[in-house]
């Protein structure tokens, strides 16, 4: 193995690690990346963001054929589900994107190594990493080390994953048959997205959530709108409900629940546990170099993403903040630029959050609960997509846009969307917040007609009761 001393070693090639590696290489650093998977891209690309969106898209097409196209004057008979082909398409997309990252590494002269990385004690101010590869073990040396190993699904003590009856998100993305009855534990983003996929494809889906609303971080009105829509789509959602135990019987899996009304039992064929994720630090060797995690199992870092050990940095799900791929990618860029002496920063108040259900949910900035808790005065404007000509033409007009702003200057504090293409519309919202824009700035910007984006303009106008179409 080469005795080269790199400027930077990155452990983990997910959306944080691979982006950091590419940006660092662009800035002139010599970079090596160690990834335990044979394919680059991390959880997001291989078993998270991308494959789930592929299945969400495919399952939505199937559901629309079954339930919506007749209204458009399109009669379809004999439509059949080919789950195997759906999975082939998903894997084709993943393979194309992982191959794309490999190509970018080659273009930027980044060396990629496959194996499990373990941090070794520094030697003469140099960072050392032991790599256990498939056929050999070796060591790498660098001036700087970036930890970007991401996160893993939380396994409940009384519900260990077995890949068959009790499954995690990765398993749910690779089922070979549609389960007749699926119980989803957790009404957050992952649980609702995967629950939606299998509901659209024919499963009877029940979602249990301990808290009083689904997508707990969402605006309550947004969450209520989403819940009503999911119920119409056939999902059974039980709030303030805890799964106590499961028992396998000849009739299926009997799940014992504690609800707000008392104890209840339901029968299912599979249990998908989607109760959150935790930082993946096992086997990294943090203790060997004196690194400790906080109560959440994450690493505390400074403004340069440096840990308590000089020369060792961390980003993404390993550090505090929302566990989002785009947050990790932004941190990867800023880390590399600050390593190069630049003063790049991230505004953590302006990180969009998206749930890719139907309707989609997206938000950026502060919500009403946060503003009330901080005693910040605000005004709200809300406009429904039912007033949008474009939304009506698409046949997808559920939901609304809500804009929160200061009473005096009208500076926008937060924007919350539930409805068609919310994931795309939130980009405009993030831009206006990043520039400290006001409802006036958004309202006087001419939006093309007819578009869904016009609803953002109308909601900005509604803050001061000036909406034209509402």
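Backbone N, Cα and C define each Cβ position, glycine as well.
317 is the residue from 164, 317 that TrEMBL records in the FAD site together with 53, 149, 150, 151, 323, 324, 325, 326. Within 209, 263, 300, 303, the residue that TrEMBL lists together with 186, 187, 188, 189, 190, 191, 192, 193, 276 for binding NAD(+) is 209. Other Cβ atoms within 10 Å of the Cβ of residue 53 (FAD binding site), summed over all protein chains shown, number 15. Of all residue pairs in 53, 149, 150, 151, 317, 323, 324, 325, 326, the annotated binders of FAD, the farthest apart have Cα atoms separated by 22 Å.
The domain 'Pyridine nucleotide-disulphide oxidoreductase dimerisation' (351-460): residue composition by secondary structure is 40 helix, 31 strand, 39 coil, according to DSSP. Taking 44, 188, 209 as the recorded positions under consideration, the smallest Cα distance to residue 324 (FAD binding site) is found for 44.
Each residue contributes its Cα atom, and for residue 190 (NAD(+) binding site) and residue 317 (FAD binding site) these two points are 16 Å apart. Cα separation, residue 192 (NAD(+) binding site) to residue 53 (FAD binding site), rounded: 12 Å. Using CA atoms as reference points, the recorded positions 44, 186, 449 were checked against residue 150 (FAD binding site), and the closest is 44.
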